[in-house]
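One structure is given below, encoded as structure tokens.
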Amino acid sequence: MRLSLVGVAIGLLSSSAIVTAQTYTDCNPLQKTCPPDPALGRSVTYDFTKGSSPDFKPVGSPTYDSNNGAAFSVAKQGDAPLIQSNWYMMFGHVEFVIKTAPGKGIVSSAVLQSDDLDEIDWEWLGANNLYVQTNYFGKGDTGSYNRGAAHDNAGNQDGFHTYTIDWTSTQIVWQIDGKTVRVLTAESAGDHFPQSPMMVKVGVWAGGDPNNAPGTIQWAGGETDYSAGPYTMYLKSLVATDYSTGKSYTYSDKSGSWRSITSDGGQINGNSDAESISTVESAPPVTATIDSAPIPFSGTHRETSSFVTPSIWPWVPKPTTLSSSVAKDTTLPSGWTFSGSRQVQPPSAASSTPPCTSSSLVSSLASPSHSGLKTSSISSVPNSSSATKSTGHLASTATYQISTYDSTLPSFSASIAHVAPTVAAANDLLEAPLGMGVFCALLGGLIAIF
């Protein structure tokens, strides 16, 4: 029975184990001088119903048939077939005609990836026939996980759809059957914007393999039952247009910037007239975004030094630099002083009401619903980079979006530690100002008597 994904708001990409279908690089030009990348430099169409192409290197054992094209099957433990292009494009347009693989724990993917681990992705979970995930990475940086998104894509396992990536120096556009589902601008992505020569990879792997980390297995929808396979993804055709020209692309320095890339016998952006998607003024809303939690490895990142696979799901994020409990005010009330013996001395006039710190924290956690997607907000103390500091008081709160999907998997409540107190803790916070006021009044009275 096909199961919907619980908590698809976990985006994509990364980890440190498992199958050969993951991303790696033979030579990282950010670390050393590497050979030039062979350029596509033109527009090409591949019809895989006619068989394989010498322009693609097979890994594993993809097969071909006249109806569906290239077939990538997981039939037993360790299977992770894919094809990868022998050429690179320096900005460009790719259209994949794909029918994704069903099956709990099975992951289908179509990826653009560079030698320095820039990456643009489509990924489908076999446990979910309703959604597709998109993601991007710059220089293999998996230090934050606010880049993934999920989009409506009902029936992706039942028939072929056209999935497009249009990539320029200013934006990335993801489309399904000609309809734009996401736009990323270079300005908004900053240093994480993919901007170096990319190869194409298409394939399938078992995220639910029992040897994988528990977190990876649960993200993939559960443990893969190989006896119920094989699980097959199909790539009927692929159209690719390189927006640059030449024979090869070379990194002239170790910056990874697109302006540092040179073309042998051509020009970067020399084929920009072939751009098929003009600037998109506004992007449609995505089905779900991932702002706050790390995500499990999804079959396209293997060797990234900054990531360690979590062993459980849901993950617990590290505490922020500010405490999520009530801030402590260590200063004395206005007019109060310490005597030479370090005794508290009230002002000579009427008693002063001490400032009592309070903070209202509200937690509304997302949970699965048979009515579909539910999104909840969690008020949390932000990290120091997003807070306005003030003595003894919390300045603001940050809102994280957690999305869940209708599922027949065992229900759970998404949880984030160091975000919001329990009900009892919240009551304690509300009672704190009253208790502090009573304490200060008693203290002032005792000092006045003695």
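Using the three backbone atoms N, Cα and C, a Cβ is placed for every residue, glycine included.
Under the three-state DSSP scheme, GLU119 (active site, nucleophile) falls in the strand class. Residues or ranges marked as active site, nucleophile in Swiss-Prot: GLU119.
Cβ-based neighbour count (10 Å, all protein chains) for GLU123 (active site, proton donor) stands at 23. Residues or ranges marked as active site, proton donor by Swiss-Prot on the basis of similarity to another entry: GLU123.
Per Swiss-Prot, chitin binding site is recorded for GLU123, LYS201, TRP205, THR216, and the stated evidence type is similarity to another entry. For THR216 (chitin binding site), the number of other Cβ atoms no farther than 10 Å from its own Cβ, over all displayed protein chains, is 28.
When secondary structure is read from DSSP and collapsed to three states, CYS34 (disulfide bond) falls in the coil class. Feature annotation from Swiss-Prot assigns disulfide bond to CYS27-CYS34; the stated evidence is similarity to another entry.
For the domain 'GH16' (46-228), the model's pLDDT averages out at 93. Summarising the annotation, Swiss-Prot assigns domain 'GH16' to 46-228.
Taken from Swiss-Prot, the feature N-linked glycosylation site covers ASN383.
If you look up Swiss-Prot, you'll see 1-21 marked as signal peptide.
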Site diameter for chitin, Å, by largest Cα distance between GLU123, LYS201, TRP205, THR216: 21
Disulfide-bonded residues compared (CYS27, CYS34) - the one with the fewest other Cβ atoms within 10 Å: CYS27
Mapped DSSP class for THR216 (chitin binding site), helix or strand or coil: helix
